[in-house]
Amino acid sequence: MTVVRELEDESAREIVKLFVDAGLIYITSLISPYRKDHDSCRAMLLDTNFIKARLLEDVFMNMPLELCKARDSKSCLKLARAGKIKGFTSIDNPYEPPQNCEVQIQQKDGDCPTPGVMAREVVSYSEEKGYLQHHL
(Lines of atoms letter the chains of each structure in order from A and count residues from 1; the text may use other names and numbers.)
(Lines give C-alpha, C1' and ligand atoms only; values in the text may rest on other atoms or scores of the structure.)
Protein backbone atom coordinates (compact mmCIF):
# COMPACT_ATOMS: atom_id res chain seq x y z
CA MET A 1 0.00 0.00 0.00
CA THR A 2 2.81 2.43 0.84
CA VAL A 3 4.49 1.92 -2.54
CA VAL A 4 1.18 2.45 -4.33
CA ARG A 5 0.47 5.56 -2.27
CA GLU A 6 3.94 6.95 -3.02
CA LEU A 7 3.41 6.37 -6.76
CA GLU A 8 -0.03 7.98 -6.60
CA ASP A 9 1.39 10.99 -4.73
CA GLU A 10 4.25 11.28 -7.21
CA SER A 11 1.84 11.16 -10.16
CA ALA A 12 -0.39 13.77 -8.54
CA ARG A 13 2.61 16.05 -7.91
CA GLU A 14 3.64 15.80 -11.56
CA ILE A 15 0.11 16.63 -12.72
CA VAL A 16 -0.06 19.61 -10.37
CA LYS A 17 3.29 20.81 -11.69
CA LEU A 18 1.96 20.74 -15.27
CA PHE A 19 -1.04 22.87 -14.32
CA VAL A 20 1.13 25.29 -12.35
CA ASP A 21 3.58 25.61 -15.23
CA ALA A 22 0.61 26.53 -17.41
CA GLY A 23 -0.29 29.32 -14.97
CA LEU A 24 -3.49 27.73 -13.69
CA ILE A 25 -4.82 27.43 -10.16
CA TYR A 26 -5.06 23.77 -9.29
CA ILE A 27 -6.63 22.26 -6.19
CA THR A 28 -5.91 18.66 -5.32
CA SER A 29 -6.87 16.50 -2.39
CA LEU A 30 -4.20 14.08 -1.24
CA ILE A 31 -3.70 12.02 1.85
CA SER A 32 0.00 12.41 2.49
CA PRO A 33 0.45 10.51 5.74
CA TYR A 34 4.21 11.04 5.91
CA ARG A 35 5.85 14.43 6.31
CA LYS A 36 8.62 13.37 3.93
CA ASP A 37 6.08 12.92 1.10
CA HIS A 38 4.36 16.16 1.96
CA ASP A 39 7.68 18.01 2.13
CA SER A 40 8.87 16.53 -1.17
CA CYS A 41 5.73 17.85 -2.87
CA ARG A 42 6.42 21.33 -1.50
CA ALA A 43 10.07 21.11 -2.53
CA MET A 44 9.22 20.03 -6.08
CA LEU A 45 6.80 22.89 -6.50
CA LEU A 46 9.24 25.38 -5.01
CA ASP A 47 11.63 24.49 -7.84
CA THR A 48 9.12 25.86 -10.38
CA ASN A 49 7.65 29.33 -10.68
CA PHE A 50 5.04 28.24 -8.17
CA ILE A 51 6.20 30.56 -5.43
CA LYS A 52 6.29 33.51 -7.83
CA ALA A 53 2.57 32.92 -8.29
CA ARG A 54 2.23 32.56 -4.48
CA LEU A 55 -0.22 29.70 -4.71
CA LEU A 56 1.31 26.92 -2.65
CA GLU A 57 -1.00 26.60 0.32
CA ASP A 58 -1.84 23.66 2.54
CA VAL A 59 -5.33 23.10 3.80
CA PHE A 60 -5.35 20.60 6.64
CA MET A 61 -8.69 18.93 7.25
CA ASN A 62 -8.09 18.24 10.93
CA MET A 63 -11.02 16.03 11.81
CA PRO A 64 -11.13 13.43 14.60
CA LEU A 65 -11.04 9.76 13.71
CA GLU A 66 -14.46 9.30 15.35
CA LEU A 67 -16.00 11.69 12.82
CA CYS A 68 -14.30 9.84 9.97
CA LYS A 69 -15.74 6.57 11.31
CA ALA A 70 -19.22 8.07 11.45
CA ARG A 71 -18.94 9.12 7.78
CA ASP A 72 -17.36 5.88 6.57
CA SER A 73 -20.14 4.71 4.25
CA LYS A 74 -18.02 1.87 2.81
CA SER A 75 -16.91 0.59 6.24
CA CYS A 76 -13.24 0.93 5.28
CA LEU A 77 -12.18 1.86 8.83
CA LYS A 78 -14.08 -1.10 10.23
CA LEU A 79 -12.44 -3.42 7.68
CA ALA A 80 -9.00 -1.97 8.43
CA ARG A 81 -9.46 -2.48 12.16
CA ALA A 82 -10.49 -6.07 11.45
CA GLY A 83 -7.23 -6.55 9.51
CA LYS A 84 -8.97 -6.96 6.15
CA ILE A 85 -7.38 -3.80 4.70
CA LYS A 86 -3.66 -3.44 5.32
CA GLY A 87 -1.66 -0.19 5.40
CA PHE A 88 -4.68 1.97 6.25
CA THR A 89 -3.70 5.47 7.36
CA SER A 90 -4.16 6.04 11.10
CA ILE A 91 -5.11 2.41 11.77
CA ASP A 92 -2.01 0.30 11.08
CA ASN A 93 -0.11 2.97 9.16
CA PRO A 94 0.96 6.21 10.85
CA TYR A 95 -0.25 9.69 10.02
CA GLU A 96 2.04 12.67 10.54
CA PRO A 97 -0.01 15.88 10.42
CA PRO A 98 1.46 18.81 8.51
CA GLN A 99 3.46 21.22 10.63
CA ASN A 100 3.08 24.38 8.57
CA CYS A 101 -0.37 24.41 7.00
CA GLU A 102 -1.80 27.76 5.98
CA VAL A 103 -5.45 26.83 6.62
CA GLN A 104 -6.66 24.34 9.20
CA ILE A 105 -10.29 23.29 9.13
CA GLN A 106 -11.59 21.57 12.23
CA GLN A 107 -14.65 21.00 14.34
CA LYS A 108 -15.98 23.98 16.26
CA ASP A 109 -17.67 23.27 19.57
CA GLY A 110 -17.94 19.59 18.58
CA ASP A 111 -19.70 20.35 15.30
CA CYS A 112 -18.22 19.63 11.92
CA PRO A 113 -18.52 22.53 9.49
CA THR A 114 -20.67 21.86 6.44
CA PRO A 115 -18.92 21.43 3.08
CA GLY A 116 -20.11 24.93 2.11
CA VAL A 117 -18.61 26.50 5.24
CA MET A 118 -15.32 24.64 4.68
CA ALA A 119 -15.20 25.77 1.04
CA ARG A 120 -15.89 29.39 2.10
CA GLU A 121 -12.96 29.21 4.53
CA VAL A 122 -10.61 28.23 1.72
CA VAL A 123 -12.06 30.78 -0.71
CA SER A 124 -11.90 33.56 1.92
CA TYR A 125 -8.28 32.76 2.64
CA SER A 126 -7.50 32.74 -1.10
CA GLU A 127 -9.24 36.09 -1.57
CA GLU A 128 -7.40 37.63 1.40
CA LYS A 129 -4.08 36.51 -0.12
CA GLY A 130 -5.05 37.96 -3.50
CA TYR A 131 -5.03 34.62 -5.31
CA LEU A 132 -8.48 35.10 -6.82
CA GLN A 133 -8.03 38.55 -8.33
CA HIS A 134 -9.30 38.99 -11.84
CA HIS A 135 -6.61 39.88 -14.36
CA LEU A 136 -7.91 41.70 -17.41
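Note: Cβ is positioned from N, Cα and C throughout, glycine not excepted.
Note that TrEMBL annotation is computational and uncurated.
Feature annotations, reproduced from TrEMBL:
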DOMAIN    13-105  domain 'APS kinase'
Per-residue pLDDT averaged over the domain 'APS kinase' (13-105), given as an integer:
78
Is it possible to list how many residues within the domain 'APS kinase' (13-105) are helical, extended or coil according to DSSP?
37 helix, 9 strand, 47 coil
